[in-house]
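K.L.:
This is the structure I have questions about; it appears just below.
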Amino acid sequence: MALPKPISDEFLQQLARDARTHFGRGRVARYIPALAEVRPDQFGLAICYRDGRLQTAGDAHTGFSSQSISKVLALVMAMRSTDVRKLWQRVRQEPSGMAFASLVQLESENGIPRNPFVNAGALVVVDILCDAQFLVLHRMREFARALCDDPTIGYDVRVARSELDNTARNAAIGWLLKSFGNLNGRVERVLEVYCHFCALHMSCAQLARCCNFLCNGGVNATTGERLLTREQARRVNGLMLTCGLYDASGTYAAQVGLPSKSGVGGGLLAVLPGEFTVCAWSPALDSLGNSIVASWALERLVEHIGRSPLG
Ligand SMILES: NC(=O)CC[C@H](N)C(=O)O
């Protein structure tokens with residue numbers, strides 16, 4: 001397959017300048033106190049092509065809290081380390097149409113979360129990882145570091161602590177999962193690991209490189225290592241397309257059409273299969289917890305290149 005043509009640098013730099021005119025809309029996440037301190041007027045974008053080339057604009061090298069984007073990495077780790085048939089018995093692969101921390105469906109659907117990207121599903125994935133491996137926090141950090149060949153990646157422990165001290169809703173989800181027999185470990189331990197995963201501190205450039213294998217049929221362009229089979233990579237992309245932005249997934253898929261995953265740190269990771277992985281970041285969020293300016297930027301990007309997996 002021919003290598004994708006790079007997007008013009010001029011377009012990307014202009015996109016970063018135009019993004020600034022949208023500052024002031026939305027609000028940074030405040031329910032995690034440490035995230036409330038982040039300056040909203042920041043924007044970065046990084047594209048990592050299938051062959052590993054990187055292109056950046058704006059604050060692409062500024063670190064931020066990956067939050068729910070880390071659920072993609074947790075899922076990939078679980079798919080690599082456990083029996084996936086068991087995984088899909090404990091977590092479904094359907095959009096939820098509900099807020100990411102909702103308890104409603106979990107109760108009516110007998111403790112089986114809709115998908116691995118809502119908090120309930122991610123807690124089950126974390127539980128599976130804790131069961132399968134020792135030193136799971138260390139392993140996740142090493143996994144992220146190895147994926148982009150960057151030993152500087154780590155957890156922002158202050159953000160993890162701040163969320164752990166304010167995580168009543170996730171605790172409620174954890175206990176509800178436990179009551180249905182869908183959580184083996186101690187709820188406190190699963191929450192601790194979950195909040196640390198969410199507190200992985202990475203830049204747009206690091207996240208785009210790290211998840212490059214999703215545009216490359218499961219193979220990491222930097223190291224040449226196969227992380228997932230082609231079928232598994234397609235599955236992760238499919239879940240991102242249908243469930244990656246929670247109850248905004250449908251509108252976003254119709255508007256942007258790229259498999260994507262958002263996080264309340266303001267990051268938005270997206271994949272154009274066969275071509276590139278892109279990460280846009282701007283901290284201010286809409287009411288559903290997705291970055292307003294990052295979504296705007298990805299919509300412009302798709303418009304500019306004139307194609308998406310959906311046509
Ligand atoms: N959408 C998100 O990024 C949510 C992640 C966050 N740590 C939470 O559990 O609430």
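For all residues, glycine too, the Cβ spot is worked out from N, Cα and C.
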K.L.:
Taking Tyr246, Tyr252 as the options, which does TrEMBL list with Ser68, Asn119, Glu163, Asn170, Tyr194, Val264 at the substrate site?
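P.N.:
Of Tyr246, Tyr252, Tyr246 joins Ser68, Asn119, Glu163, Asn170, Tyr194, Val264 in the substrate site that TrEMBL records.
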K.L.:
Have a look around Asn119 (substrate binding site) and count the other CB atoms within 10 A of its CB, chains all included.
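P.N.:
Asn119 (substrate binding site): 24 neighbouring Cβ atoms within 10 Å.
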